[in-house]
Amino acid sequence: MILKAKVYNKIFAFQSLKEVMSKANEEKSGDELVGIAAKSASERVAAKLVLSNLTLEDIYNNPVIPYEEDEVTRAIYDGLNLRIYQEIKSWTVGYLREYILDHKTTGENLLHISRGLTSEMIAAVAKLMSTMDLVCGSKKLRVQSHCNTTLGIPGTLAFRCQPNHPTDSVEGMLASLKEGLAYGSGDAVIGINPVEDNVETVSRLLDTVKNFMIKWEIPTQNCVLAHVTTQMKAIEKGAPVDLVFQSIAGTHKANDAFGVSAAILDEAFALAQRKGSATGPNLMYFETGQGSEVSLDAHLGVDMMTLEARTYGFARGYRPFMTNNVSGFIGPETIYSGREVIRADLEDLFMGKLHGLPMGIAPCYTNHMKADQNDQEMGTLLCAMAGSNFFMGVPGGDDVMLSYQDTSYHDDASTREILGLRPLPEFEQWLEKMGILENGKLTERAGDPSIFDK
Amino acid sequence: MGVENNELEKVIIQSVMEELARKGLLSQKGKDHMMSAAMMDTPIVPNLQSEEMVTFPPQEEMQIANPFNADAVRAMKKLTPARIGIGRAGTRPKTMSLLRFLADHAVAQDAVFLDVSEEFLQRMNMMSVQSAAASKDEFLQRPELGRRLSEEAAKSIAEKCEKNVQVQILIVDGLSSSAIEANIPDLLPALMQGLKSSGIKVGAPFFIKNGRVWVQDHVASIVNCDVVISLIGERPGLGTAESLSAYMIYRPDENTVEADRTVISNIHKGGIPPAEAGAHLTDVIKQILSAKASGVKLNQQK
Ligand code: B12
């Protein structure tokens with residue numbers, strides 16, 4: 001394993017694979033905060049150069065966090081297909097990049113080698129990829145999943161309708177839900193973040209959405225994004241849960257901080273299978289994002305991007321219906337600017353897809369970072385071109401409960417029309433039946449929540 | 001100059017130009033240039049004394065063209081602060097929605113850098129200390145500094161605060177000072193009253209500047225209380241910069257994880273009103289004290 005590189009007249013030596021991995025990253029404030037980012041532009045290139053020459057076997061033999069100490073590492077290694085790994089272990093990371101981009105390599109080929117790639121290998125190759133590289137790679141990969149409806153069908157783009165309310169008011173939530181549906185948002189899931197994390201609130205919201213779906217015959221899935229343990233109690237008490245939600249992270253320590261573990265997720269998945277209300281087989285909804293480990297001081301000296309890949313390695317065993325990445329959600333200490341968010345979104349979309357996950361992106365920003373609406377809209381279009389399966393849908397782009405900005409109902413409709421993408425088929429039929437959509441375009445009637453008030 | 005005069009002048013200029021051009025004394029380009037100058041109307045000088053100005057239409061105004069049921073849309077808008085019933089231009093927002101969004105973003109960005117005023121702290125009659133973050137910039141970029149007390153703060157707390165109480169209340173600016181000034185005057189008395197009437201022993205509340213959630217663990221290690229509760233400013237949103245959270249933990253130690261905390265968020269006039277939150281938080285604290293646990297561990301016992 002060669003950890004030394006010469007960039008023109010300067011020589012750079014690195015101590016470990018972990019160091020190479022962090023220094024090969026594009027600039028992000030979270031890596032700088034932890035003190036593991038490259039010190040100069042040349043050092044960054046040197047790290048990329050070293051990385052490009054490492055083999056997949058080198059990476060396999062040097063997990064950034066030891067197997068014995070970390071449940072996430074164990075999930076990644078135990079879930080690996082060793083036969084496929086054996087076939088490709090001599091590839092260098094640089095070769096892997098070219099293989100991914102090669103015209104002869106199809107999405108199917110990529111999903112095949114995916115099973116023999118550890119999360120660190122996937123992170124490594126993404127570190128060698130530019131913006132367009134990431135878009136090209138992502139676009140090839142199409143992962144479908146099925147809960148009540150099928151997500152990820154080529155030519156479609158779906159949205160989570162996110163009708164959050166600052167007091168969990170059922171009527172207030174319904175008002176935002178109707179507005180979202182009237183713009184064609186809500187085919188991925190109708191997902192509410194509750195203010196109060198208790199069984200009563202969670203069950204009330206689940207029942208309300210489920211009844212609304214039944215009354216208006218809406219082909220989609222419901223979810224209330226409380227802590228997983230609260231949702232499990234709600235299921236036990238008979239609440240209708242299509243998708244079980246949980247935030248997850250890339251280290252055992254960060255997952256402890258989130259109050260989750262493989263054992264809890266196993267139990268949740270089993271419960272969804274036995275007592276959930278959906279068809280399945282995909283019943284989980286995960287949320288991830290670069291920086292949560294840094295924010296919880298649970299990064300163990302590993303860079304944010306590699307940790308994000310590890311999070312996907314942890315997720316894939318649960319065959320989720322959707323994995324949503326929210327990298328701009330935390331603040332400037334982890335992701336400083338619009339430029340950093342866009343880069344993170346593209347990295348995450350690619351890394352998630354190469355893990356075989358049905359990925360969606362929330363190109364979002366908070367008011368304490370250096371990003372604005374223009375950055376967000378650029379990120380959205382790029383991720384849509386790269387084939388994100390879904391985005392969020394927030395009234396006017398402003399989440400009045402979580403206090404951040406995300407794709408709006410307007411952005412949802414715009415993105416579909418700009419790129420000629422369609423809603424999920426059953427949902428499109430429903431939109432046509434309701435008179436909201438015609439030939440893939442909003443009708444005169446669209447955007448009016450009162451069509452549900454007959 | 002009157003309109004007719006103006007028209008007449010244009011006609012005269014035009015004929016002179018044409019004549020000059022015909023005689024080859026003026027190029028086509030020169031002619032076009034002068035013609036367009038002559039066609040221009042006299043500029044209107046803005047009247048800076050006028051009281052007239054451009055403002056946003058009222059937020060509650062329904063912006064949908066020909067809605068199915070306009071009253072229903074108006075009623076919906078009353079039910080949520082979310083941006084609904086705002087109409088569209090094609091698939092895009094209307095001009096006023098776009099500009100209002102930009103204005104709200106500008107205000108929210110500024111809110112992060114405000115400090116809780118000295119005057120407010122004096123009025124509340126509270127001791128005030130600081131985290132290890134010396135400035136707002138440092139606070140934003142280096143979260144670990146906002147998570148512990150400055151040495152001076154640790155010393156004053158050790159000297160001045162009552163030890164071994166059941167509950168210690170902290171007021172922490174976090175990401176919004178506006179949240180503190182807007183909610184604490186109603187919330188704090190209601191909470192103190194609730195705890196005292198339940199016979200719970202409470203230490204004197206104090207303020208921590210540039211603090212994050214974890215700073216409560218540092219305080220608890222000094223005052224040795226059962227429950228420490230931080231009333232802390234949430235990151236400001238476009239809708240409101242006044243949202244406050246209460247983070248509570250039972251006897252934090254070196255094995256504490258984030259999931260051991262209980263949080264009640266969205267305390268503000270458009271969410272859980274501060275006076276009501278006092279009673280709600282009292283109930284939660286009582287549950288924590290009797291279960292000797294908080295966070296996910298508390299929920300598991302329920
Ligand atoms: C940002 C944020 C996060 C970030 C935290 C990173 C960060 N640096 O702040 C991330 C993405 C990691 C996160 C994760 C989760 N969050 Co959160 N989060 C928020 C949000 C939007 C803003 C928080 C804020 O302004 N903090 C103020 C600053 C000053 O605090 P800080 O010291 O810088 O940061 C700490 C807090 O933010 C805290 N924190 C953030 N979320 C949560 C949730 C819980 C249960 C706890 C105990 C602590 C906690 O963690 C940070 C590190 O100490 C709030 C919504 C709101 N309106 O407040 C929801 C909110 C607090 N989160 C919530 C939830 C449910 C979660 C999750 C449990 C989701 C899940 N099912 O896994 C996870 C796990 C949390 C954990 N145990 O660590 C709920 C809590 C509901 C409740 N009453 O229990 C809220 C109210 C949103 C909601 N209504 O859905 N979250």
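The backbone N, Cα and C atoms fix where each Cβ goes, and this holds for glycine too.
Binding site for substrate per TrEMBL: A:R160, A:C161, A:Q162, A:E287, plus A:N193 from the candidate set A:N148, A:N193.
All chains included, 31 other C-beta atoms sit within 10 angstroms of the C-beta of A:R160 (substrate binding site).
Largest Cα to Cα distance within the recorded substrate binders A:R160, A:C161, A:Q162, A:N193, A:E287: about 15 Å as a whole number.
Across the annotated binding residues for adenosylcob(III)alamin (A:P194, A:Q246, A:S295, A:M401), the two most widely spaced Cα atoms sit 22 Å apart.
With respect to ligand 1, the binding-site residues A:R160, A:C161, A:Q162, A:E287 contribute no residue with a C-beta closer than 6 angstroms to one of its atoms. Within 10 Å of A:M401 (adenosylcob(III)alamin binding site), counting C-alpha to C-alpha distances, fall the following of the binding-site residues A:R160, A:C161, A:N193, A:E287: A:N193. According to DSSP, A:E287 (substrate binding site) sits within a strand segment. For the pair formed by A:Q162 (substrate binding site) and A:S295 (adenosylcob(III)alamin binding site), distance between Cα atoms is given as 25 Å, rounded to the nearest Å.
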